[in-house]
Ligand SMILES: *[C@@H]1O[C@H](CO)[C@@H](O)[C@H](O)[C@H]1NC(C)=O
């Protein structure tokens with residue numbers, strides 16, 4: 001995520017107005033690039049400063065990062081649209097989402113993160129979160145700005161029609177990366 005956000009800021013700085021642009025097209029990319037993937041309930045929020053108070057219910061990735069935080073209940077979103085915020089989350093609802101944290105600073109979330117309400121999640125997403133995404137982070141998936149979307153042993157290329165953005169790009173028995181769960 002750090003790299004993706006960095007690239008997105010670099011790219012957007014070439015434009016006349018600084019805009020938010022997210023390079024990752026697929027959930028697997030976002031999840032693989034994020035420090036934290038969790039299920040959390042929004043307990044409270046202060047919209048004026050972009051601060052949520054959350055209660056983490058399940059951790060899919062980032063136990064170590066969360067352990068290193070002095071505050072695991074604060075989630076920040078940038079107020080500037082150029083910084084890809086602020087993201088809208090409803091108090092009382094539970095979401096599956098990605099977040100990042102730099103050097104023990106509070107967790108942050110923006111439009112480039114993955115967010116899904118708990119009751120909107122698909123079977124494919126669940127399969128990904130229960131291991132499909134994480135064990136295939138070495139499968140390369142093209143970013144929005146990649147001209148080169150060739151396929152290859154460890155490359156999936158763009159997903160075929162009928163694949164959701166939650167589809168899993170995973171290694172088959174011969175160790176080749178292929179899009180799965182597409183119909
Ligand atoms: C959050 O921090 C508290 C206090 O340090 C700890 O007891 C709790 O287990 C932490 N929760 C998670 C999800 O890491």
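Any Cβ shown, glycine's included, is placed from N, Cα and C.
Automated prediction, rather than curation, is the source of TrEMBL annotations.
Feature annotations, courtesy of TrEMBL:
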SIGNAL    1-19  signal peptide
DISULFID  20-84  disulfide bond
DOMAIN    20-137  domain 'NTR'
BINDING   20  Zn(2+) binding site
DISULFID  22-112  disulfide bond
DISULFID  32-137  disulfide bond
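Across the domain 'NTR' (20-137), DSSP helix (H, G, I), strand (E, B) and coil residues number 31 helix, 37 strand, 50 coil.
Other Cβ atoms within 10 Å of the Cβ of residue 84 (disulfide bond) number 22 in total over all chains. Counting in whole angstrom, residue 84 (disulfide bond) lies 19 from residue 32 (disulfide bond) by their C-alpha atoms.
On the backbone, the CA of residue 32 (disulfide bond) and the CA of residue 112 (disulfide bond) stand 13 Å apart.
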